[in-house]
Structures are given as C-alpha cells and as structure tokens.
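Novice: Before anything else, here's the structure in question.
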Amino acid sequence: MLDTLRTLFLTFRHAFYRRATVQYPEQQPYLPPRYRGRIILSRDPDGAERCVACNLCAVACPVDCISLQKVEADGRWYPQYFRINFSRCIFCGFCEEACPTYAIQLTPDFEMSEYSRPNLVYEKEDLLISGTGKYPDYSFYHVSGIPIPGKDRGASERERPPVDIHSLLP
Amino acid sequence: MMRLSLPVLTPLAVLGLATMLTWVERRLLGLWQDRYGPNRVGPGGVFQAVADGVKLLFKQDWVPPFADRGVFVLAPAIGMMTVLLSFAVIPFTAMGGIAGGMNVGLLFILAMMGLGVYAVVLAGWASNSKYALLGGMRAAAQMISYEVFMGVSLLGVVMAAGSFSLRDIVAAQGRVWFVIPQCLGFCVFMLAGIAETHRLPFDLPEGENELGAGFHTEYSGLKFGMFFIAEYAGIILVSALVTTLYLGGGLGPVLPAAVWFTLKTCGMVMFFILLRAALPRPRYDQLMALGWKILLPLSLLNVMATGTIMMLRATTP
C-alpha cells in the first residue's frame, strides 16, 4: 500500500523533470564524427579518387550491398562503377574497416529517406565527395610502393630506393 | 431555454471532452515519463484527437463474417448509451443536472453501470473469437464483483446524507466533505471505480500482452472508437461521481459552483491518469482476491462504523 503511494508520488515528481525528447526536425541531435551514417567515397589530397577497386569492402559487407568493377588506367586501379544499395545497407561500418586506402567512409548523416526504393541505390557520382573525409593527409599512392606515372619505385614517402641486385656494394 | 439546451448540450459536451481526454491523457503520460507526447497537430497538439477521429472515421468498418452481426453492432452502442445516460443525474451546478434532483439518482447510476457490463460481455461474445471472449468473460467477472462493493461503499455516503439524490448528497456536505468521515468508503469507491471503467491498472479485460486487445479485438473503425470514447467518458463519469459524493460537488468558496465542480473533476481525471502512468497491472487472481478479500470487508466495515456512529449520535443528546 505504502509502496503504491510512493510509486504514485515518485511518478508525479517526474512532472518537474527535464524531458529527454529531442524535438527532431527543429532540434538536431549531436552526432559524433565517427557516427555510422551515409557512406561516401573520399578523394586523396590531390583530388584523385582514393578507391583502388580492391573489392575488400564488397567482400566484407555482410549484406552484399556494395558492387563495383575494376578498370586500370596509367597503372592505377579505379572502380568503373561503384554502387551501394542503401535499402540493404545495415551501416555496420565493416566496409570502412576493410578499406586499405581510407576511401570508403561512413559519415554522420542519416537523413536519406526516399519514397521509392530504386532511389536508394547510390552510384559512384552520388558517393564521391570532393574532400578527404576523416583522413586529411593520407594519400595511398604516395605511401605505397606501387609505381605510377610521375612517381617511380622507391620514391614514396618513407620508402628507401629499391636494392640494386646487380651490385654487391652496400 | 436553459431547460431545453442542457439535455442536448451535455451529451455533446461529454463526447467532446472524452475525445479531448485521449489527447490530455497522452500529454500527461508524456509529462510523467519525461517526454512530450503528441504535440504536433495544432498548438500543443490539441487537434490530435480530431486527427485520430478522422482516421477512425475513414477506417474500414469491418464486421467479421464469423461474428453475430446484430449483437456485434449493438454492444458498443450499449456501452456508449449507459455512460451517457448516467450523466443525466450528475449535479453539475446547484440546480442539478438534466434529470434535476432525481430522488434515486445514485441508484440510477449504479443501475447504468450494471448495464454497462453488457457492452463488454456482448462484445466479447458476439466477436466469436477466443481473445475477445476471454476478455469479455474477465470483464464480466471483474465488473460484477467490483459493483458489489461499489454499491456497499456508497451506502456510507447515503446513510450520512440520508438520501439517494445526488443533489441532497452535495447539500449534506456543506459542513465537511464526505471524503473525511467516509475516507474508507472513498478509497474503496476509487478502486472500484477504476475497476468499473476497466482502466489501468485494472484493465485486465483488455490486457494487451495476454489477450490481444480483449473484448474489442475484432472491432475497428467507429465501433472501436465508440468503445474508446465510452471508456474515456466513463473516466469522466467516475471522476464526477467522486467529486459529487466525496469532494463536495460544486461546494467551494468564491468561485461559482460549476467552476468548482469542473476543477475537482479535472483533478480526479488527472489522478486517474497518474495511476495509469505509475502502476503495473496486477495478475487476474490478485485482482479478484483484492476485491473479495480486502475491499468487500473494508466496505462492510465502513457501513458498520457509519451506522454505529450515527446510532450513537442519535441516542446521545
């Protein structure tokens, strides 16, 4: 009996508490930078696409929502098309973890509702952004040992020149 | 003019208030649960009830093919009718309600509440489905047993006032409200009133987690709406009754009687909603045990005590 009255009183006291609701469209909730929302493809600091079409994201994806096709140009790999089906995506972030070049990233944006499902299939031009995303200085081709036009083998950052196997001199 | 308009206006006002109460309840529940509740339609969400009504109006009014059609349609009408008829004898002001100072007003209300059982039982029976029938049976057992001590708990008030007329009962509270000398009866009547309107925490006839929606599982559209509105009108009715019988009706300083009556009734309605916000639903056997093992002896004790005191008062000069 007393418990019941106490419950009533405690519940009544909640009338003077602050409300937990965030009035969403007018009042935006704070989303941390590492929030897992809409997926984007970033570019390196030079403005070139970071994605090297290695397919690791597509393999890592548990719901198979990523599909892409590799093409080669000037010794670099590019995705010919890169397609994410957001009606399947579960925003797990595995693709971001799998990506060796920081190309695919999740962003703090979830406002992507559509009235028809096909509109949720994002193509490469929808996904590519002009910036570098969360990793401003990273450029895959400048740290990896792969030679590209304008950068020979051994010319990458923190990379020693290749060993000349025809010489015995140290 | 007053005599003519009151019978027309009162049912309309009750229906309107009951509809608004759905919104008030949701806002208050929100307040007590640290959230907002419906606040989008109109200023503060006042038109939420209208939006819900329009939605119900345009829903398919489906009578299941296995249902007993005539009774199925009749049941919500009975529920609505008994509640609205009860309002006839409530004395909103000093002049009395629609039926004026009906000398057996309290009996009339008890009779209407007794008839109200038919609404849920017939709804459960006519739906011809398991959950609805179970809900209907539960409602029947609950409402019939709680009616017993509701009647008995009111006896104390009737004895003290010496009349079944609600107007006389209000008049008899001029010196002290009956909530103080009759506090035991007041508590029993409150609990019985909640059970009678099958409101939370005693809403076992429609306990969602075990019975779907209980007796109105098969109802849709406006028929469901009628059950809904009847339930909310029932809350207003029981609140108005508590106000009349125990809280002195329209009696109060400075303000006119109608304002006092409205204020007290609103307070009671809010208390009903607070009960819903705070308390969990008891098990069915606990509900029945509470009724027969605790409330019935308490109400009998109340009658006995009242009688004894009255007798002592009468014999000692």
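The backbone N, Cα and C atoms fix where each Cβ goes, and this holds for glycine too.
Sequence annotations record features per position, and here TrEMBL assigns [4Fe-4S] cluster 1 binding site to A:CYS51, A:CYS54, A:CYS57, A:CYS99. Taken from TrEMBL, the feature [4Fe-4S] cluster 2 binding site applies to A:CYS61, A:CYS89, A:CYS92, A:CYS95. Residues annotated as compositional bias 'Basic and acidic residues' in TrEMBL: A:151-163. What TrEMBL lists as domain '4Fe-4S ferredoxin-type' is A:39-71, A:80-109. Annotation comment: TrEMBL describes A:151-170 as region 'Disordered'.
Show me how these features fit into the structure around them.
Specialist: Non-local contacts of A:CYS57 ([4Fe-4S] cluster 1 binding site) by the CB criterion (under 8 A, 6+ apart in sequence, same chain) comprise A:ILE66, A:PHE94, A:CYS95, A:GLU96, A:ALA98, A:CYS99, A:ILE104.
Counting every protein chain shown, the Cβ of A:CYS89 ([4Fe-4S] cluster 2 binding site) has 20 other Cβ atoms within 10 Å.
Tertiary neighbourhood of the domain '4Fe-4S ferredoxin-type' (A:39-71): same-chain residues 77-86, 88-92, 94-107, 122, 124, 127-142, selected by CB-CB distance under 8 Å and a gap of 6+ residues from either end.
For the domain '4Fe-4S ferredoxin-type' (A:80-109), the DSSP counts in helix, strand and coil order read 5 helix, 9 strand, 16 coil.
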Novice: Which one is it: of the binding-site residues A:CYS51, A:CYS92, A:CYS95, A:CYS99, which Cβ has the fewest other Cβ atoms within 10 Å in this structure?
Specialist: A:CYS92
Novice: For each of the binding-site residues (A:CYS54, A:CYS61), count the other CB atoms lying within 10 A of its CB, then report the residue with the highest count.
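Specialist: Comparing the binding-site residues A:CYS54, A:CYS61, the most crowded Cβ belongs to A:CYS61.
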Novice: Taking residues 6+ outside the domain '4Fe-4S ferredoxin-type' (A:80-109), which of them lie with a CB under 8 Å of any CB in it?
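Specialist: Apart from its flanks, the domain '4Fe-4S ferredoxin-type' (A:80-109) reaches 31-42, 49-54, 56-71, 117, 120-124, 127, 133-135, 138, 140.
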Novice: Helix, strand or coil by DSSP: which one applies to A:CYS57 ([4Fe-4S] cluster 1 binding site)?
Specialist: helix
Novice: Can you give me the Cα-Cα distance between A:CYS51 ([4Fe-4S] cluster 1 binding site) and A:CYS89 ([4Fe-4S] cluster 2 binding site) in Å, rounded to a whole number?
Specialist: 19
Novice: Just give the helix, strand and coil counts over the region 'Disordered' (A:151-170), going by DSSP.
Specialist: 0 helix, 1 strand, 19 coil
Novice: Can you list, in sequence order, the residues of the same chain other than A:CYS61, A:CYS89, A:CYS92, A:CYS95 whose CB lies within 8 Å of the CB centroid of the [4Fe-4S] cluster 2 site?
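Specialist: Surrounding the site, in chain order, are A:ILE39, A:CYS57, A:ALA60, A:PRO62, A:VAL63, A:CYS65, A:ILE66, A:ILE90, A:PHE91, A:GLY93, A:PHE94.
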Novice: Neighbourhood of the [4Fe-4S] cluster 1 site (A:CYS51, A:CYS54, A:CYS57, A:CYS99): other residues with Cβ within 8 Å of the Cβ centroid, in order?
Specialist: A:VAL52, A:ALA53, A:ASN55, A:LEU56, A:CYS95, A:ALA98, A:PRO100, A:THR101, A:ALA103, A:ILE104
